[in-house]
Amino acid sequence: HEERVCPRILMKCKKDSDCLAECVCLEHGYCG
């Protein structure tokens, strides 16, 4: 399967659009 492009940077978020590239906002409140 195609890997999502997600830089390994710890970023706080409230929604997916707060995150870089193809990262999504995870339940613990950080992008991943």
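Every residue, even glycine, has its Cβ placed from backbone N, Cα and C.
Database features (Swiss-Prot):
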DISULFID  CYS6-CYS23  disulfide bond
DISULFID  CYS13-CYS25  disulfide bond
DISULFID  CYS19-CYS31  disulfide bond
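In this structure, CYS6 is the one among the disulfide-bonded residues CYS6, CYS13, CYS23, CYS31 with the smallest number of other Cβ atoms inside 10 Å of its Cβ. When each of the disulfide-bonded residues CYS19, CYS25 is scored by how many other Cβ atoms sit within 10 Å of its Cβ, CYS25 comes out lowest.
Separating the Cα atoms of CYS25 (disulfide bond) and CYS31 (disulfide bond) is a whole-number distance of 5 Å. Neighbours of CYS6 (disulfide bond) among the disulfide-bonded residues CYS13, CYS19, CYS31, defined as a Cα within 10 Å of its Cα, are CYS19, CYS31.
Reported as a whole number, the C-alpha separation between CYS23 (disulfide bond) and CYS31 (disulfide bond) equals 6 Å. On a Cα basis, CYS13 (disulfide bond) lies 6 Å away from CYS31 (disulfide bond).
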